[in-house]
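What Swiss-Prot says about this one:
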type	residues	note
TRANSMEM	9-29	transmembrane segment
TRANSMEM	48-68	transmembrane segment
TRANSMEM	87-107	transmembrane segment
TRANSMEM	139-159	transmembrane segment
TRANSMEM	186-206	transmembrane segment
TRANSMEM	224-244	transmembrane segment
TRANSMEM	259-279	transmembrane segment
TRANSMEM	314-334	transmembrane segment
TRANSMEM	345-365	transmembrane segment
TRANSMEM	397-417	transmembrane segment
TRANSMEM	444-464	transmembrane segment
TRANSMEM	470-490	transmembrane segment
Amino acid sequence: MTKRTSFNPLVIGVTLFFILLLMAMIFIAPEQTQALLNQAKSGIFANFSWFYVLTFSVFLGFLLILSVSSLGNIKLGQDEEEPEFSFLSWLAMLFAAGMGVGLMFFGVAEPLTHYLSDITAGSAEHKQQEALLHTLFHWGIHAWAVYGTIALALAYFGFRYKLPLALRSCFYPLLKDRINGKIGDAIDVMALLATLFGIITTLGFGSSQLGAGLEQIGWISQNSFALQVGVIVVVMCLAVFSAISGVGKGVKILSEINLTLAFCLLLFVLISGPTLYLLSAFSDNIGNYFSNLVQLSFKTYAYEQEHTSWFSGWTVLYWAWWCSWAPFVGLFIARISKGRTIREFIFGVLVIPSLFGILWFTVFGNTAVWLNDGIAAGGLGEFISSPEILLFKFLNYLPLPTITGFVSLLVILLFFITSADSGIYVLNNIASRDKSLASPAWQAIMWGTLMSVVAIVLMQSGGLANLQTMTLIVALPFALLMLVMCFSLWKGLIADKKYFSTKVNPTSIFWSGDKWKSHLEQMMNQTQEKDILRFLKNTALPAMRELRQELTGKYNLSVEINTLFEQEEPALELVIHKESMRDFMYGIKSVGREVSEQLINDENLPHIQHSATYEPYTYFFDGRVGYDVQYMDQDELIADMLKQYERYLSLLDDVGQELMAHEQTELAE
């Protein structure tokens with residue numbers, strides 16, 4: 001029977017109360033509410049800009065430290081797990097995550113705006129270089145550091161600790177089971193509000209740019225507020241339809257088509273613009289960005305008060321926007337990164353999208369400045385106060401403006417729809433009590449309606465500035481929460497490293513010498529799955545039964561044997577139950593591996609006749625790498641099980657191993 005709702009009542013209740021309170025204030029006292037929002041924005045700019053700057057630098061430094069330390073070897077999953085996607089496919093999906101409405105909106109607008117502002121000085125060439133530097137700083141590694149931090153925490157605790165893929169799970173080392181209580185609910189409320197306003201801000205940018213594009217290609221006479229409302233409603237209806245109708249595969253195909261169109265647009269501008277100059281600028285921009293990265297990472301313009309307004313209106317607002325988008329992008333990255341090592345994960349997340357961002361802004365930004373100073377004769381710069389229209393004005397100076405304008409509109413529209421569709425999924429995930437269950441259709445409709453109404457009301461009362469202000473306000477406590485998350489992740493990783501570094505014999509082959517002939521006979525016969533099944537039934541199962549009888553009869557322990565002979569990899573498990581701690585589990589499964597054709601055809605190895613060989617490998621409750629036990633007899637298997645049980649008991653007695661030994665299955669509720 002389908003549940004009426006998957007919502008956590010407290011989380012959704014507090015979130016809706018905050019939203020409805022804000023809407024009521026805007027309707028009842030619009031001027032006072034606007035003044036209050038402006039005051040809050042000014043207060044954050046004046047008192048917390050330094051906090052945003054240092055926080056983002058901490059996120060980046062934290063990831064870099066993990067990547068170069070031994071903790072970077074830890075897998076996001078069990079030790080034997082392989083990545084779900086190939087390396088190239090994974091990089092392609094990270095590349096896709098780096099695309100969005102923001103690049104279309106700011107690709108031309110931001111570099112040109114910085115170029116024409118007083119934040120840059122000197123010759124035209126130096127101003128252009130500085131303009132690109134500031135743009136790349138806003139869209140580069142720092143943005144991906146905040147995404148990577150939350151994605152790493154989600155993936156690590158989700159795949160390594162087997163916890164739900166939820167924000168509250170990231171605080172397990174600090175809170176243990178309390179993540180299921182009121183503190184966990186408070187974490188979800190903060191994440192929900194931050195994500196909600198981050199997505200709504202993107203809706204505002206997308207709707208204004210779509211309206212401007214429709215006006216430019218002549219489909220409408222004016223980009224009015226009413227038109228933008230219509231765009232939001234239509235796009236949200238399409239996103240809700242996608243979310244509730246099970247056309248996810250179709251949306252995935254649309255996303256891939258959209259990425260192709262965006263890349264084609266990029267190539268078109270590169271080829272039709274000053275190609276050689278852009279390629280040279282790309283190299284120059286990379287070098288200039290990385291050589292100035294440390295200084296910019298900590299720059300608050302404390303000694304350049306004349307630029308603090310620019311700093312607040314650009315850098316601080318961007319940092320708040322990235323914080324609000326972190327759960328959204330982080331959850332996507334976490335879901336596709338199972339089986340990667342932490343080092344590999346950090347390299348991919350920080351480098352690949354950032355390099356693409358540098359390429360995008362080089363092609364669009366440098367070309368925009370080149371056009372403005374050349375054939376446009378300053379004509380593009382006249383529109384910097386209306387950034388939503390700049391992309392289309394820019395395309396008018398290149399060949400085929402009608403076609404490229406239409407393609408740009410299509411790309412923005414599809415990014416808009418897929419972002420809203422994914423946003424509904426993420427909001428449902430954060431607000432749900434059980435993350436593993438599908439949410440009923442009415443919840444998608446509710447989120448679509450709520451996002452549309454809030455976006456429209458805020459835009460009507462104060463335009464895009466109000467959307468940015470709300471993002472700035474809700475992102476501040478979430479940024480603080482993410483700092484605590486870093487500490488929690490560090491604590492979990494240290495416990496993980498200590499636990500898995502506990503020495504245990506890597507192999508359990510008992511080469512005592514008195515059975516060498518029988519061992520040699522086994523080695524000279526290529527074992528097949530039927531041989532492993534015989535070993536499990538005739539040797540391993542009697543050994544487990546004998547040990548169970550001793551443990552239950554003499555020591556009154558709760559012991560269970562699971563016979564899993566019918567599954568794809570036949571297996572056998574001995575489980576000793578413990579209250580409040582992880583159960584001890586000693587399993588043996590049939591593991592197959594391919595044999596080289598050269599070995600099969602080698603006349604000196606007549607015993608190798610099959611294309612695959614099978615071995616009985618152990619596996620454990622904590623995901624440690626197992627070992628081959630095919631040469632053990634019944635007594636030796638019992639001795640090996642007791643050796644692993646002794647290790648388990650010693651870890652339970654060690655206070656430092658409490659985190660890894662604590663039972664976590666109830667957290668999946």
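Cβ from N, Cα, C; glycine included.
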The transmembrane segment (48-68) in contact with the transmembrane segment (259-279), cutoff 8 A, at least 3 CB pairs, sep 6+: no
Ranked first among 224-244, 314-334, 470-490 for CB pairs under 8 angstroms with the transmembrane segment (139-159): 314-334
Tertiary contacts of the transmembrane segment (224-244) (same chain, 6+ residues out, Cβ under 8 Å): 203, 206-208, 210-211, 214, 250-251, 413, 416-417, 420-421, 423-425, 441, 444-445, 447-449, 451-452, 455-456, 459-460
Per Cβ pairs under 8 Å, the stretch of 9-29, 259-279, 314-334, 397-417, 470-490 packing most closely against the transmembrane segment (186-206): 470-490
Contacting positions for the transmembrane segment (259-279) when only residues 6+ beyond its ends and CB under 8 Å are counted: 95-96, 99, 103-104, 359-360, 362-364, 366-367, 370-371, 398-399, 404, 407-408, 410-411, 414
